[in-house]
Amino acid sequence: RPQIMQIKQVHNHKVLRVQKSVFGPACSSAGYRKADDEMSGTTSQTEPIDATARTVLLNRPQNTKFCDNHVSTTKYGIFTFLPRFLYEQIRRAANAFFLFIALMQKRHKADNTVNKKKTTVLRNGAWQTIIWKQVAVGDIVKVTNGQHLPADMVIVSSSEPQAMCYTETSNLDGETNLKIRQGHSLTASVQSVEELMGLAGRLECEGPNRHLYDFTGTLRLDNHNPVPLGPDQVLLRGAQIRNTQWVVGIVVYTGHDSKLMQNSTKAPLKRSNVERVTNMQILVLFCILLVMALVSSIGAAIWNKQHTDEACWYLSRAGDISLNFWYNLLTFIILYNNLIPISLLVTLEVVKFTQALFINWDMEMYYSETDTPAMARTSNLNEELGQVKYLFSDKTGTLTCNVMHFKKCTIAGITYGHFPDLECDRSMEDFSNLPSSSNNSTEFDDPALIQNIEKNHPTSPQICEFLTMMAVCHTVVPEREEDQIIYQASSPDEGALVKGAKSLGFVFTARTPHSVIIEALGKEMSYELLNVLEFSSNRKRMSVVVRTPTGKLRLYCKGADNVIFERLNETSQYKDLTIVHLEQFATEGLRTLCFAYVDLEEGAYQEWLKKYNSVSTVLKDRAQKLEECYELIEKDLLLLGATAIEDRLQSGVPETISTLMRADIKIWVLTGDKQETAINIGYSCKLVTHGMSLIIVNEDSLDATRATLIAHCSSLGDSLGKENELALIIDGQTLKYALSFEVRQAFLDLALSCKAVICCRVSPLQKSEIVDMVKKHVKAITLAIGDGANDVGMIQTAHVGVGISGNEGMQATNSSDYSITQMFGLHLLLHCFYFSLILILYRKISLSSQVFWGHCINALIHSIILFWFPLKVLEHDTPFQNGNSVDYLFVGNIVYTYVVVTVCLKAGMETTAWTRFSHLAVWGSMVLWMLFFAVYSVIWPHIPIAPDMLGQAGRVMQCWSFWLGLILVPAACLLKDVAWNAGRRTVRKSLLEEVQELEARAVDPGAAVLRDASGRSLNERAHLLTRVFRKTPSSVGRSNSVQQTVSHGYAFSQEEHGVVSQSQVVRSYDTTRQRPSL
């Protein structure tokens, strides 16, 4: 006993070992030996019984190759390191979980869906069906109507005259109108299998490149002269065959050599702000760990130098203590590794993964028509969804369905169509119940029009002439399938008008190279087609000259209201009424065209025809001289009325746009479509209102662009940089200069001063450049959404990319972070994260470093209280009745119990909404630990683990100081936190806390004016996302730099200056004859 007390005075650290040697351990030594035997890997192994006996030869070489005398006790070898290391890491649950998450985020499944699409190729003298990834260069491929092209190919022949082919490229460039491509005349007649198999020669072309609209090649067939090939003979992967029964082509570029894939970029590795901050803090903690380990190693070296074996003979340090500095450094790093919060990373990943599952399971974002759910393709960016400030959206297929419908018209001053009463704002929770795009309720529906014809209304002649013009003045080609007529239209507007005329009894039935045949109210009529005066963006109109069944020469002209009204005869009626109706149509976001006609004199027409024929053959400036010639005959028109076509929006688009704008999210529309079309959609989806002033910037040089942008910025004055009731409209040509280094800042300043921005005719590269500009200069979270391959660049550039699983292939979806089926799903996707992230995390993220280190300091204070308080209380404790004394396990179990209770109570203090799961997590964790502690203390020797823990729970529970500390220690830890929170909530409440208090008092938060941290008013009625008070409109007024326009809604889509002119197209068809089949 005196020896023990002396040792305790010398070195208190070794007292526990000596006490055990005198008073006896908690269990018998035999028990310990038994445990050692059972846990040892050496004593329990059985001897191998199948070892081969060996014979050793003396003084001569051995006949058998035995193993050499080299030994190795390392865990890894040169060749076994990688597999064994990976196996060792994957055995850890945390690493296995991270691997599981990584595998879940792979996108090969979506890629396989594309690669396994089927197509038809000519092999071994027969058409065979194969999957896309088996298509090879040189294959002859057949693609039918409605199918997407599996590779880039040169047209050989098609079902259309002169090897023409209609293709929709909205997936590539966003344009809604169909484009015409044409095979060379040398191969146009090669259609049968025998003829195709008989093709011999070679096709030479340039190497793979990313230029969508460039191609240079030469086709060298045996026994024929070489023929040049250009972009008009090429069909690109990703485009869709439309209005063409079949087309045959030779594959020139496949896979990643195709122009579509050449324009794609590698999927970037995106990280959220929270992840960046977390990584940085963990690196700092790791540096702190290294410093602590270094200081401890230096301290250990000093201590070891002062306390040698001779001076401290009683410590028996031999073999227990290392004197190697670097070994000690690594030891301390391992001991302190708990400083790195690995559990935090695992917890974040679990939460994110669970959120991703909820997105995938969300029935409100499920689209039943295509049986497609929403999909979180990554869980790394969930928290970014709650912080989006700028939204970049495509138009075609994203905002619109790319479906045109004739909806209303005005004829002779009378409007016809469906005019519903104004509906109240639809609840945002009802988006999933909106009518689908196939709903026919938006078709033209007004029996009054037909009734006016039948009852011989005074305007009946004008109505008949108007409907006749709808059925005659166009470039549509009819095609019969059994008893139905299918209209092939390169212009979606013309297709909608012809279908509208058909529904009203004026049916376009057939076309020959020189006539248009219609059936007007059951009576067949043939109009001789004399001339087609083609549409262009400069002309904004299209005309045809026909000879009516009665022998009259008549010119029908349709186009924009301003160009038609300029050419009206002074005696023309209904002008004022038509203008009023046009403004009404435009207010609803409809696309308008004015209709007019004039009867021509035979002599005047013949004189004009001579000029037309002469101009048609000139070589220089032919297009311009033709337009000047058209002007000579398009005059003295008589107004019939106007049509209104709906470019149908996707379900819930106006409501979604409105909600996001009220949430102070800036929306930019980036489209490859025409300016008039984009503006029209801006009005119809409520992005642009008729109270806004439009800033339209269309320049053709760098200097002009710079001057215009600077002038607009100057005119805004103090309003520059603030949100104004302005909409900026800019085209792709101007953007080329606006995005240059010297002009970019002026363009950005002007764009950020506008409430809406619409960029038209932009290329995929320009889309990504715009997103990148805002991403870098504004320092705000950006989101890009699109559905086509032309949207991939901006989807990958933005912080968050959302793809729409639409009709334009899976390219955008495969490159996105989240995929949805309709635009309304974006609101639901963002909305679910605003509550959990904007109100809770955004405040912390903005002060992430301070909050993180504040919690670290708080944890340090808690650890001091949790460790030293129990240690000091138990320092002078007396032995238990059985002779045992307080040891490190006894103190450790008490401290750990206090830690569990304190951490659970702290988590409860941070909880913002108490649910059954919250209660289960907080109180259940405490109870679970106590149960585990009790069981773990009695399982030995029944289960051969933890012999030192035997009886520990009983001794802890018998200690009165444990129960006293169970109340005092957690209370001491959390007293500071409670006081801090109470003081802060008294002095300065957060928005979330203010709402919580209102709800606790059963007060409707929507009826109260709330204020955020900056003192601005906020209203809960708008889901805590909107500002109660709208920003005051800018005092810019209607200066010369800002255009206050009244839109009449003109928009018309048709390919201009194509390989085949519109006149050639209509004169190539004779639908009264049988079409060739393949």
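Note that Cβ sites are derived from N, Cα and C of the backbone, with glycine treated the same way.
Under the heading domain 'P-type ATPase N-terminal', TrEMBL lists 61-105. Residues or ranges marked as domain 'P-type ATPase A' by TrEMBL: 115-186. The feature transmembrane segment is assigned by TrEMBL to 282-304, 325-348, 824-842, 851-869, 889-908, 920-940, 960-979. Per TrEMBL, the feature active site, 4-aspartylphosphate intermediate maps to ASP394. As annotated by TrEMBL, Mg(2+) binding site applies to ASP394, THR396, ASP787, ASP791. What TrEMBL lists as ATP binding site is ASP394, LYS395, THR396, GLU494, PHE535, LYS558, ARG591, THR671, GLY672, ASP673, ARG761, LYS767, ASN790, ASP791. Residues annotated as domain 'P-type ATPase C-terminal' in TrEMBL: 846-989.
When the binding-site residues PHE535, ARG591, ARG761 are screened for a Cα within 10 A of the Cα of ASP791 (Mg(2+) binding site), none qualifies.
THR396 (Mg(2+) binding site) has its Cα within 10 Å of the Cα of these binding-site residues: GLY672, taken from PHE535, ARG591, GLY672, ARG761, ASN790. Largest Cα-to-Cα span within the ATP-binding set ASP394, LYS395, THR396, GLU494, PHE535, LYS558, ARG591, THR671, GLY672, ASP673, ARG761, LYS767, ASN790, ASP791: 33 Å. Put simply, of 325-348, 889-908, 920-940, the stretch with the most CB pairs closer than 8 A to the transmembrane segment (960-979) is 889-908. Using a 10 Å Cα-Cα cut-off from ASP787 (Mg(2+) binding site), none of the binding-site residues among ARG591, GLY672, ARG761 qualify. Each residue contributes its Cα atom, and for PHE535 (ATP binding site) and the residue listed as 'active site, 4-aspartylphosphate intermediate' those atoms are 26 Å apart.
Residues of the same chain lying 6 or more positions beyond the ends of the transmembrane segment (325-348) and with a Cβ under 8 Å from any Cβ of it are 94, 97, 274, 278, 282, 285-286, 288-290, 292-294, 296-297, 300-301.
For the domain 'P-type ATPase A' (115-186), the model's average pLDDT works out to 86. Each of the binding-site residues THR396, ASN790 was scored by the other Cβ atoms within 10 Å of its Cβ; the lowest score goes to THR396. Per-site Cβ counts within 10 Å over the recorded positions ASP394, ASP787 peak at ASP787.
With a 10 A radius on its CB, GLY672 (ATP binding site) counts 27 other CB atoms from all the protein chains.
On a Cα basis, ASP394 (active site, 4-aspartylphosphate intermediate) lies 19 Å away from ARG591 (ATP binding site). Non-local neighbourhood of ARG761 (ATP binding site): THR671, GLY672, ASP673, LYS674, GLN675, ASP731, GLY732, GLN733, each in the same chain, at least six residues away, with C-beta under 8 Å from its C-beta.
In this structure, PHE535 is the one among the binding-site residues PHE535, ARG591, ASP791 with the smallest number of other Cβ atoms inside 10 Å of its Cβ.
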